[in-house]
Amino acid sequence: MITIIGSGRVGTAAAVIMGLMKLDNKILLIDIVKGLPQGEALDMNHMSSILGLDVEYVGSNEYKDIEGSDLIIVTAGLPRKPGMTREQLLEANAKIVAEIGREIKKYAPDSIVILTTNPLDAMTYVMWKATGFPRERVIGFSGVLDAGRLAFYAAKKLGISPASILPIVLGQHGESMFPVPSKSYVHGVPLSKLLTEEQLKEVVEETVKAGARITELRGFSSNWGPGAGLAIMAEAVKRDAKRALIASVVLQGEYGVRDVPVEVPIILGRSGVVKVLEVELTEEERQKFMQSVEAVKKLVASVPPSYLQ
């Protein structure tokens, strides 16, 4: 059973896409708002019936119902509003994530957790501490979205399909994340050789500011991109795909970093993170990466200790 905690725009988008991909025959929606997950589940069941899908959606306000879940997606948290930085969300969302983490530990101690709550990397750390799970089973969703955005903007410049690009984005999911054009390839040729310096600068800027741009345009943050990315990650777990993708995980010596979650390439399968892939970086790229690590460290250091137990 797949459980999605949080029945807002991202959670419901993920639920719909996962159902269309037939990743499980039961998808549980959890939310603290009475009636919300039940109503969403009923609507999705009608969709499932119309499309002939063998997928049952169930809505609940009780954490005890997550028992038996092998994969839990956490999208709960305060939304990012126009002009708000991810850092401003820290304290309020740390409390929410810590509470959810304790419930997961109680009712689904063998599950794999993927979360989207911002600021993402710091919340991944909070979830890791709150559950007490191995780092392989607590994964921050961000990199699939960031990499997808990089591929989209680069493909527009090149006039090719985004599917032709293997993108790499590293560091913090936020203002200090950095796409790596020298390690992002089109059939073995790096983007840094296919695009001019000015084009690369534009692609990187568009990628970094994409989330804020969506919020600015429509007044609320992205949901379809994250929903699709979550479904891709869920597929890797449920089908043991051993898929290479970008995600935020707690590093344990990789890149010379310990006990800090940041976006890096991983191999994802049924057991969670199978392997963290270490990309060879130039000195300049290494400096940018470490700047991101330091930014995450500062956020983690500002989380109240009571949320890390």
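Glycine is no exception: its Cβ is also placed from the backbone N, Cα and C atoms.
Per Swiss-Prot, NAD(+) binding site is recorded for G6, S7, G8, R9, V10, G11, D31, N93, T116, T117, N118. For D31 (NAD(+) binding site), applying a Cβ distance below 8 Å and a minimum sequence separation of six or more within one chain yields I5, G6, S7, G8, G11, P37, G59, N61, A76.
Under DSSP, R149 (substrate binding site) is assigned to a helix (H, G or I) in the three-state scheme. Feature annotation from Swiss-Prot assigns substrate binding site to R80, R86, N118, R149.
Summarising the annotation, Swiss-Prot assigns active site, proton acceptor to H173. Residue density at H173 (active site, proton acceptor): 31 other Cβ atoms are found within 10 A of its Cβ, drawing on all protein chains shown.
For V10 (NAD(+) binding site), the same-chain residues that are 6 or more apart in sequence and have a Cβ closer than 8 Å to its Cβ are T75, T116, S222, N223, P226, G227, L230. A simple way to gauge crowding: the CB of R149 (substrate binding site) has 24 other CB atoms within 10 angstroms, across all the protein chains here. Cβ neighbour density within 10 Å is lowest for G8 among the binding-site residues G6, G8. Counted over all residue pairs in G6, S7, G8, R9, V10, G11, D31, N93, T116, T117, N118, the record's binders of NAD(+), the longest Cα to Cα distance measures 17 angstrom.
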